[in-house]
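Asker: Pasting the feature list from TrEMBL:
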DOMAIN    90-288  domain 'Alpha/beta hydrolase fold-3'
ACT_SITE  Ser164  active site
Amino acid sequence: MHIDRDVTPDYPLSWQARALTGLMRGTLKPVSSLLMRHTLALDCASRLGDLVLMVPHSAPEHVGILPHSSGACGGEWVRAGQELDESKVLLYFHGGGYFFCSPKTHRSITWRLSAVAGRPVLALDYRQGPIHKLADSLSDALDAYTCLLERGHAARDIILAGDSAGGHLTLAALLALRDRGVPLPSAAICLSPWTDLTDIPRRANRWQDPMLPASRVRWLARRWTSGLDPHDPLVSPVLGDFTGLPPLMIVTGSTEVLRDEARRAALRARQAGVPVTYEEWPRMPHVFPILADVLPEARHSFRHMSDFLAAVADGSSRGETAAA
């Protein structure tokens, strides 16, 4: 498989996808509209997240979960089996709009990434709002990467990945590491990344998106960029110069309000000579791989991620357009 390509998966839309998107439209989207309205609501959502952490988040019996709270590498180690290459690691940044969720809530992603990457995953428990700032989250991400290097992992043996806000953090971390002259990881995977925090209206898919209200995403961007320059590439990575970054895989759904900025990020990277696998899955919701326990398309997406990582390992980077 070549790395630099556009993919439009052509799997038949599952009945599970139809049912889930309908359910999201009637529940998650209205709830998101309430939570992303003012700072007090964000604080309440953050505290609700603490309660969510008390609910068991199961993983298959063969998956090992090891909480880790030592210094900059705080979070949890996820190992999908015993036959992993312990010299390699995938550093994962969970999503949640920089105010919600945790490594625990994203285990359905992290254990599968461990399986397809053949290595342990460190899911970082980075600082979030409303108490902390974007700079704190980025600082934690950079410290965790440096921690892995100091533990003896070679940069070529590290992969970065993240979803939504975690996809934003992935790209911002890559730009910051490059600018600091730190050796970069071998590849990065961004699932439904939030790449533009400037004050832009998101008109595309504002009605089609079953989960995220476009106006609330805009409000949240204003909230996190207060006192910052939203055009700073570390704040809005899509505006950055991607020169020198490692191969990227960007996965999004065709009906997401964040779809267009994912497209722009892929284009920005290619203009800088970075190989990009861009996948736009028809009618899939925001960060749909997290639904792999029930969604066939989500399970297929991890096979695609496996193919991407295999291509990176093979060093292939010729361009093509494909349907999977």
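Please read every residue number as a count from 1 along the shown chain.
Every residue, even glycine, has its Cβ placed from backbone N, Cα and C.
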Asker: Let me check the 10 A CB neighbour count of Ser164 (active site). How many other CB atoms are there?
Answerer: 25
Asker: What is the pLDDT of the domain 'Alpha/beta hydrolase fold-3' (90-288) when averaged and given as a whole number?
Answerer: 95
Asker: Going by DSSP, is Ser164 (active site) sitting in a helix, a strand, or coil?
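Answerer: Ser164 (active site) sits in coil per DSSP, no helix or strand.
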